[in-house]
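Student: Can you keep this structure in mind? I'll have questions shortly.
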Ligand code: C2E
Ligand code: CA
Ligand code: CA
């Protein structure tokens, strides 16, 4: 089965079938034509036999008749006949006879007596001997004028049969005085001459009922068996199929019928045809093996290039992509081969592309994590003093959300470009969205400061894309190779350092073991925070907000602290990010708001009318239930909505602006005051903030703390004030650390001020003390 599935076998089988069919057809056709040829040949032979016989027989008749007529007109002969000189007459008759070499010469008198009968025969030496016939002087057995007409010119004499023709001898008055006749022997010699002419065995027979007399036949070839056969045929008209026979009834002789016949065995007759046929068969049979060999060769030739291609394809399949596929064959197969070659090149190109993709970042074309591992592994194994600097671009989420992903992608590409310029020997990689790595093979710790300065210069350059100008900032975590530390660990350490830097709001952090200790602590905090909320380990500190126009404390900001049973006071910057990442922000904010409402009532009982601002995290805004809870709880606790301000940072809005706006609108429609916290640190413009349903802006403390020493900050604060007022927003300045700044802001109609100059955030009791002693009541 497998063998037959092979192309070569199939082609060969096809050829074999075609060859056999062609041979069978030609065999059948030549057999048919041979049969026809045989029939034709036999028919021809019989016609020839018939024609030859007739011409011989008729010729002899004509010749004998003409000669008899000539002799009868011979006056010499006639005179001697009339004279009655028998001897002289016989001599003259013989002379005439010998002229045509007749076997019999006869003269019959008018009364029917044979007056001359000369029979010529040959003696043993082949000499002609002429003798008187046995019927000399006997009465002629036939009536010449009636019986011996033209039809039956036969005369049987002494067992010999003659073909004889008479002509009348006439007297002067034209009366018949006798007849003169000449005859040829019908016998062996005639049969022989017929055979010579036709190639057939010839003979004559006299048949009288069952008695058959052989009158003459053509020599030696005829055998007893054949004679019998011919006889039978002539009598019964039936013939053995092996023989071809021609016969003709010639006439009656003494009540016997005379027949001429010619025959030959079929095989003898058709011997030449048969040998020709056999030759044809032999040629056909010889063609069979030759054609089969040819078919085998052709099928091999057709499939050889295919086998070559199979071989080369296997070679390619083993991963050898640089061979040149070729076949020494037809144009089509050469094309196929060249297609193979191009396919091979395409595979190489694709494999290279796939490999490139596997080890590179598609957006920036920088190395990716895989490539970082691949390159750094040998560095570590070689014991190089490696450094990994993990770089996080700040606020990339905001860029993506506010300016769109196209701009985000351009920023990432720009950062990639800048990183590549820092050190040509360093490997620059992109690990994920806004995380990059610079890996150094040989790194001197002493050059770290220079490197960092360079990094800050490179990344910190202003970036302009279309009309947008951005100030790119980064946070970095750095780890240095230590004996026995692999690349995975080194990267994790850099990441720990990075998280640490972020948490402490630092630009960078070099990893050391203590950080890990901190992260362990951080991990513990995660677990403890839940309990802390439930067990009231949290406390609210209050920082006053001064109404600058009235010079009166009308508001406070509630800032949470965690009084940890073992660690003491933990600042919000440490645990707020944890709460945000561990889904505990909802519980925390609800605690803060509940506590702030309780505080409101406590102050109310002390106749202190204070509006409280609470910080809301991005996580809270994502939860629809949260807003309803705030509104409902205020109503339940009987706290007027006007007494509550919610502070939200810009980035709380950017992740899902639609939802955020919906929530803020709901809150504002219910009478709550909304404030944008840390204004100026994000990427959103005032125009964008215009969309938000808010009442107030809190200028970030970074612009206020050194306001009087920094002209740029003054410009920013001044213009923010103007724009905000134009939009109908109130402005709160936080981070006021001195009197002059307070003065400056008051002069410029900033609505409220907050800062250490007035008071640090204080727990309830201390705040109450501060307030009672304060000048702003
Ligand atoms: P924030 O909302 O910007 O709060 C103001 C922060 O600036 C407070 O730090 C405050 O102590 C500090 N500050 C006020 N005036 C000055 C000044 O004149 N100079 C300087 N250098 N700093 C000043 P705090 O209390 O450590 O809070 C840090 C941050 O933690 C807050 O920043 C706020 O984002 C977050 N936070 C605090 N309490 C809560 C809370 O209850 N809920 C939420 N979601 N976040 C909170
Ligand atoms: Ca705040
Ligand atoms: Ca703030």
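Note that Cβ sites are derived from N, Cα and C of the backbone, with glycine treated the same way.
According to TrEMBL, the protein carries these features:
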- 300-352: domain 'HAMP' (DOMAIN)
- 384-513: domain 'GGDEF' (DOMAIN)
- 522-775: domain 'EAL' (DOMAIN)
- 12-31: transmembrane segment (TRANSMEM)
- 277-298: transmembrane segment (TRANSMEM)
Student: What is the average pLDDT across the domain 'GGDEF' (384-513)?
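Tutor: Looking only at the domain 'GGDEF' (384-513), pLDDT averages out to 90.
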Student: Using a Cβ cut-off of under 8 Å, list the residues of the same chain at least 6 residues beyond the transmembrane segment (277-298) that approach it.
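Tutor: For the transmembrane segment (277-298), the far contacts come to 11-12, 15-16, 19-20, 23, 26-27, 30-31, 34.
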Student: How about long-range neighbours of the transmembrane segment (12-31): same chain, 6 or more residues beyond its ends, C-beta under 8 Å?
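Tutor: For the transmembrane segment (12-31), the far contacts come to 4, 277, 280-281, 284, 287-288, 291-292, 294-296, 298-299.
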Student: Using DSSP, tally how many residues of the domain 'HAMP' (300-352) sit in helix, strand and coil.
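Tutor: For that range the per-state counts are 40 helix, 0 strand, 13 coil.
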